[in-house]
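> According to TrEMBL, the domain 'Thiamine phosphate synthase/TenI' annotation covers 10-194. Residues annotated as 4-amino-2-methyl-5-(diphosphooxymethyl)pyrimidine binding site in TrEMBL: Gln39, Phe40, Arg41, Glu42, Lys43, Asn74, Ser113, Lys142. Marked as Mg(2+) binding site by TrEMBL: Asp75, Asp94.
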Amino acid sequence: MKNLQQALKVYFIMGSPNCRKSPAEVLTEAIEGGITLFQFREKGEGALTGNAKYKLAKELQQICQQHQIPFIVNDDLELALQLDADGVHIGQEDEPVHIVREKIGAEKILGVSVHTMEEAVAAKQEGADYYGIGPVFPTATKKDAKPSQGTKLIKKLRIEGFTIPIVGIGGITSDNAACVIEAGADGVSVITAISHAESPLEAAKALKMEVYRNE
Ligand SMILES: Cc1ncsc1CCOP(=O)(O)O
Ligand SMILES: C=C1C=NC(C)=NC1=N
């Protein structure tokens, strides 16, 4: 399973701190609304740890499996291996890309956050399957997010001829998703736009419409 251009279209990320109701409910609604991939990211104020984190991850993975949605784990490589997740997403401060690639094997999905051309070149050389680029717009979700950079790096990579799958992230909603796709991203990645929505189902559906309307 590596047709990532399709899988990255509507990329939902969440953990229990992002949810106002049960994560299982939010994820189920998001899937019914049409998300194409899910990332379990248990981080921030009140994040679960240890067995509680494992049990939530397992519960959400089963929901993804029931609906044939790829299940990615953020940062926590050990958890990803324990669950035999479909892949991992790592940042620049995590283990080196080539080490993570060795540990998860060639078949799993490996996503890397990149903020500069140099980071992008290195990540690609070391085996990244896709880039997470952002924050595109200001976000309150990631406390230590870098300054928002708009879509300039996405555009630059495409102008330089990079064809690697790219997902934009950071402050994205159905109101601004179009320009992320127009800049050359294959999809958009969101936390708040879906997890805080009155109806995660409607929010996912609206995002999907915007992505497909502008691809
Ligand atoms: C994980 C992450 N990486 C860059 S911005 C961000 C948070 C995105 O959250 P939101 O979609 O709520 O702005
Ligand atoms: C920081 C991140 C950047 N991009 C993606 C897709 N996920 C993340 N957790």
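From the backbone N, Cα and C atoms, a Cβ is placed for every residue, glycine too.
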> Measuring Cα to Cα, how many angstrom lie between Ser113 (4-amino-2-methyl-5-(diphosphooxymethyl)pyrimidine binding site) and Asp94 (Mg(2+) binding site)?
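Roughly 10 Å, rounded to the nearest whole number.
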> Give me the CA-CA distance between Asp75 (Mg(2+) binding site) and Gln39 (4-amino-2-methyl-5-(diphosphooxymethyl)pyrimidine binding site), in Å, as a whole number.
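A Cα-Cα distance of 10 Å.
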> Show which residues of the chain containing Gln39 (4-amino-2-methyl-5-(diphosphooxymethyl)pyrimidine binding site), separated from it by at least 6 in sequence, have their CB under 8 Å from its CB.
Tyr11, Phe12, Ile13, Met14, Ile72, Val73, Asn74, His89, Ser189
> Long-range same-chain neighbours of Phe40 (4-amino-2-methyl-5-(diphosphooxymethyl)pyrimidine binding site), Cβ under 8 Å, sequence gap at least 6?
Met14, Gly15, Leu56, Ala57, Leu60, Gln61, Phe71, Ile72, Val73, Asn74, Ala85
> Give the maximum pairwise CA distance in Å, whole number, for the residues Gln39, Phe40, Arg41, Glu42, Lys43, Asn74, Ser113, Lys142 listed as binding 4-amino-2-methyl-5-(diphosphooxymethyl)pyrimidine.
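Per the listed residues, the maximum Cα distance equals 17 Å.
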> Among all the protein chains here, how many other CB atoms are within 10 A of the CB of Lys142 (4-amino-2-methyl-5-(diphosphooxymethyl)pyrimidine binding site)?
17
